[in-house]
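Beneath this line is the structure, given in structure tokens, with notes to follow.
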């Protein structure tokens, strides 16, 4: 029975795991006769993606503008059992194709112009350009322009442009060149100057664009356009200089140059790149279906294209889902589709045609929109040696990095400035070997990108837009800056820190001598003193060895059973107090139990007094400062102290991009605080800290914080540790010939120790506050009267109390004697004199001894 069960399980698993997934996937291909490069790209891609299942093509060359021929070819391929079709369409055939795909559930992957359709079975490889075009028009601030389009692809884009023009009051002249003749091309462009049309937007295929520009500019003097600042801007989907596209294109050319020598590989088309990515989309989709073991076999009459009613292919929806879920980095960037089959999360490169060729000036994506990255440097010659020109070094006025020299003599050029970065720039120039001119950035900003205009400001902007060659300044190396400029190795390491106004030092109070021990300890000592005294009194009363006979004068008889005990309650208190004060007294315990009590009390007082003495000097001589905050967490959880950063810089960007809960909470507060907690310059932030009376904390780089702490009036301080770790670097534009020489110079200066010497020179050697800050170097540690005034108060109070007690004792004793001698009658003056005399003399032994305390207190 067990063998039968095992065989049944094996057979069942074999049936489940052995889903009849085809080893060869038939895919269709519809190519026009003119698109030979796309056909070659299709075949090359099939040879590259050979993992199972293998894609087997069914290719037909068809007139894509003929609806009848396209219908016949489409149905023929579908009846032959293709699982998906790759191909092109035109304006006349696009509606037919989308209808057939939706009715039969057949997926059609195309690099043709995108159409506004909700048919999910049509996957459009070509990205839409409407939003990108609007962004470029807004970037150039074009209020009046001509829009030239062809009817095949331009209608949807034109509608978007016209809708936006109505909102923004643009003047748009739309021209359809679908049926324009050669003579009309010439007339169109010759009338541009007459109509004052300075901006022309051309939206058509590359073949027609070449014809337009060739015929239009043939008889036009281009010198007029160059002199007026005209340029040609466009979009580029494939960056063939990147590593992956360059490698694939090299393999592609070497492979197809032998098989199809007539194909022009000098100018690869973007539709060819889209074709390559389209084949990869299908290959990865079917590989995913195979791994998931999804049955895609055909059943019934699913292959009948002209059935009435149409029978949709049941497995077509599975293929459609698999195609839309594909995502990879291809020749055209990120390849990804939304639920409608349109490209999403793609990037378009914005390029300009200049006198020296094509130059990339930015990029566009759905999230950031248009992001400018670089502009042409007029008249720049990249072959010029470093010594043949004067390089512009941009910097920022920020002590101690760059400061204007304070002198009565007029200074010129680089001699106008001094500071850490001034000397660093000189050392870099000396090691690299170039001449330079220091220029302070006009807007006094480090560099940040405006979230609305996407434009860079500050020193980063001057590098990006070609106004400077090098930036030598406290410029933080960040990811967003590294995307548009190049940095050297860090010449200084630092982190974000907190600056607050230095709290007032708390001077010792009158009774500051009590501070070495906490209030709880003093209370425990008092209770211990009373407790020890009571215990000593009790053990002395109970112990027989503590009682002894009173010594009497010679000649007198010893009274019978007249024993005395020296440790009454008052003498016990006196003994404990003397031991605690390290003074002692004239009585000592006689019994073992009493001596045990005294011994442990002496040990206790030894430890307490030693600890008190060790801490007393520090509490009397040190003026302590109590900081209201110690860390970023303290700042985040309170609302009394405001805090902010520089308005445009890496510190603000750090909080804006941080995903740490504490920093996110701080950023939420800072961006919504009223009045604004951001400051335009570090100097303004320092002033705000000083005049806020402890109600404002400034977040800045630790190096600047340490420098300001060393400057008079020495009333700021750094609290807590650094919030992050980063570095300052020397920046150059992307692709600058100075990048590598500057980087090597920084490394060399670091190895020579010059960077540390410069920091010590400008931070500490020129400091004004000393190691302790302020004028602490002029102060001594001598005690003042205010430090020990409490001790004198206690002394005076004790003496006064003793005199008061003596007067009370005298009055009490006088009253007792007068009652004993005279009763309640008045006492003559001589009797008072007698009482004073007798009270100050020792009484005769015959009068007896004092009870309990033996005459001692």
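Positions of Cβ are set from backbone N, Cα and C atoms, glycine also.
Bear in mind that the values here come from a model prediction, so they are computed numbers and not experimental data.
Here is what TrEMBL records for this protein:
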- 1-18: signal peptide (SIGNAL)
- 75-305: disulfide bond (DISULFID)
- 390-765: domain 'Ionotropic glutamate receptor C-terminal' (DOMAIN)
- 400-465: domain 'Ionotropic glutamate receptor L-glutamate and glycine-binding' (DOMAIN)
- 449: site 'Interaction with the cone snail toxin Con-ikot-ikot' (SITE)
- 474, 476, 481, 650, 651, 701: L-glutamate binding site (BINDING)
- 517-539: transmembrane segment (TRANSMEM)
- 600-622: transmembrane segment (TRANSMEM)
- 629: site 'Crucial to convey clamshell closure to channel opening' (SITE)
- 656: site 'Interaction with the cone snail toxin Con-ikot-ikot' (SITE)
- 714-769: disulfide bond (DISULFID)
- 748: site 'Interaction with the cone snail toxin Con-ikot-ikot' (SITE)
- 790-812: transmembrane segment (TRANSMEM)
Same-chain shell around L-glutamate excluding 474, 476, 481, 650, 651, 701, C-beta within 8 angstroms of the CB centroid, reads 446, 475, 477, 478, 649, 726, 728
Min neighbour Cβ count (10 Å) across recorded positions 75, 305, 629, 714 flags 75
Note: in the chain of residue 474 (L-glutamate binding site), residues six or more apart in sequence with C-beta under 8 angstroms of its C-beta are 396, 398, 401, 421, 446, 492, 701, 703, 704, 728
Span of 474, 476, 481, 650, 651, 701 as binders of L-glutamate, largest Cα separation rounded to whole Å, comes out at 17
Its Cβ having more other Cβ atoms within 10 Å than any other among the recorded positions 481, 656, 748, the winner is 481
The domain 'Ionotropic glutamate receptor L-glutamate and glycine-binding' (400-465) resolves under DSSP into 24 helix, 13 strand, 29 coil
Residue 656 (site 'Interaction with the cone snail toxin Con-ikot-ikot') to residue 476 (L-glutamate binding site), Cα to Cα, whole Å, comes out at 15
Residue 629 (site 'Crucial to convey clamshell closure to channel opening') sits from residue 748 (site 'Interaction with the cone snail toxin Con-ikot-ikot') (Cα to Cα, rounded, in Å) at a distance of 41
In three-state DSSP terms, residue 651 (L-glutamate binding site) is classed as helix
One finds that other Cβ atoms within 10 Å of the Cβ of residue 476 (L-glutamate binding site) number exactly 23
Three-class DSSP assignment, residue 474 (L-glutamate binding site), comes back as coil
The rounded CA-CA distance in Å from residue 305 (disulfide bond) to residue 449 (site 'Interaction with the cone snail toxin Con-ikot-ikot') is 55
Once DSSP output is merged into helix, strand and coil, residue 75 (disulfide bond) belongs to helix
Keeping only the recorded positions of 75, 629, 714, 769 whose C-alpha lies within 10 A of that of residue 481 (L-glutamate binding site) yields none
Whole-number Å distance separating the Cα atoms of residue 769 (disulfide bond) and residue 650 (L-glutamate binding site) is 29
